[in-house]
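According to Swiss-Prot, the feature active site, proton acceptor maps to HIS476, an assignment based on similarity to another entry. According to Swiss-Prot, the FAD binding site annotation covers GLY58, HIS59, SER60, TRP61, GLY62, ILE63, GLY64, GLY65, THR66, CYS67, on the basis of similarity to another entry. If you look up Swiss-Prot, you'll see CYS67-CYS72 marked as disulfide bond.
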Amino acid sequence: MLLSTFKRHLPIRRLFSSNKFDLIVIGAGSGGLSCSKRAADLGANVALIDAVEPTPHGHSWGIGGTCANVGCIPKKLMHQAAIVGKELKHADKYGWNGIDQEKIKHDWNVLSKNVNDRVKANNWIYRVQLNQKKINYFNAYAEFVDKDKIVITGTDKNKTKNFLSAPNVVISTGLRPKYPNIPGAELGITSDDLFTLASVPGKTLIVGGGYVALECAGFLSAFNQNVEVLVRSIPLKGFDRDCVHFVMEHLKTTGVKVKEHVEVERVEAVGSKKKVTFTGNGGVEEYDTVIWAAGRVPNLKSLNLDNAGVRTDKRSGKILADEFDRASCNGVYAVGDIVQDRQELTPLAIQSGKLLADRLFSNSKQIVRFDGVATTVFTPLELSTVGLTEEEAIQKHGEDSIEVFHSHFTPFEYVVPQNKDSGFCYVKAVCTRDESQKILGLHFVGPNAAEVIQGYAVAFRVGISMSDLQNTIAIHPCSSEEFVKLHITKRSGQDPRTQGCCG
């Protein structure tokens, strides 16, 4: 049907032959951009297709995908704004006088403007890069005609159609936030809308227990907003439970309230407020903003994957692909969050896209190693991790076959202001309980956790033992040294709190 609607007087063969490429990439997020740019560097003629379906509240954005526009970048900038505000409160302890704590107020509009100016600058940088690399960019929606032919519909008012073909097609369309199937769900927003709100969110209910929900709760609370998080199951599934406990307990000290054992039944508009009715004995409460952060769904609805023979997981809807990123039909590939059983991390998508292009256009055999990938949750006290959690290690090796070294510590920058956050800072190493003492996982809760874990992730990747850690001379004083100072095991029952400073 689509073929017949486009210039019927032109032969189909001519339409396709005039728009042939070596590679078509659908989706200009982190994975799609990485794959496109690498392929172009290797001499491929590349078509990159990307369009953003506006949110139910009308917000859309430029090239770069979730991370650059409504994910990692704006989120981390707002996290940094929260850190700056906290440091101001401790400045007088370090001799910085004249800061009137009563006059310190946060201006949401200033932050939002500056954050989104940075986002738009990134959009422009991406467009310049595509132009420099002679990548053919189409601001359009894509749909498969068959596995190597794509019909695109432009975002212009005429919705201009065109046809493209290539022997290699990469799908990298990512995920979008999920709206619940309840009355009034449309009255809520998602993280796709949060960073461009015209005014401060006010009293906010965040529904979800994953990293998006908790990170948003953290920085909004720091901006003096009344924040409640509804956690329907366990928070931060897949992360080490000891670490999650300290993150959650600390989050509560910042003023974030945590609702458990209830769900949202419906949302109603009451003037400018949102009246939320909870299940069971949860009652009814009014909020200024409701944020849905309980899961994400594949951004695939317009692609018509059946025409290409691309199989998806029946439960998640994600694309099934092998370790070489090959989908279920020859010539179609998938990278990034859209792939089943892959961690939803920007750096993984970038690496996957790059190595896929290498395999397609430079005879490379290298594939991504999905084990031992480090990640960070940017809650007020950050949580970083690489490798197995204690729970995963027990499940895989047995409780008697692993050893857990751990410590509570006080970050040096917390000493002078006597920052009470130190009571939640924690470090853990999980290793085998044999002569090798091979490190299975490293976990850190504290300030600058991402900066701490990155170097250890390199060491973890090449394989290190507990003795390697303990025989490493520390940099002192810093939080990172807590890993190399570890010596108390959980099994011993000794007090894991660090004592003293330089001895």
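Placement of Cβ uses the backbone N, Cα and C atoms for every residue, glycine included.
Note that the structure is predicted; figures quoted are calculated from it, not measured.
A map of Swiss-Prot features onto the structure.
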residue : record                       : Cβ contacts under 8 Å, 6 or more apart
GLY58   : FAD binding site             : none
SER60   : FAD binding site             : VAL52, GLU53, PRO54
GLY62   : FAD binding site             : VAL52, ASN69, VAL119, LYS120, ASN123, TYR126, ARG127
GLY64   : FAD binding site             : ALA28, GLY29, SER30, LEU33, VAL119, ASN122, ASN123, TYR126
THR66   : FAD binding site             : GLY29, CYS72, GLY174, LEU175
CYS67   : disulfide bond               : GLY29, SER30, ILE73, THR346
HIS476  : active site, proton acceptor : CYS502
Should THR66 (FAD binding site) be counted as helix, strand, or coil on the basis of DSSP? helix
Would you mind pulling the DSSP three-state label for CYS72 (disulfide bond)? helix
Would you count the other CB atoms within 10 A of the CB of CYS72 (disulfide bond), including those on all shown protein chains? 17
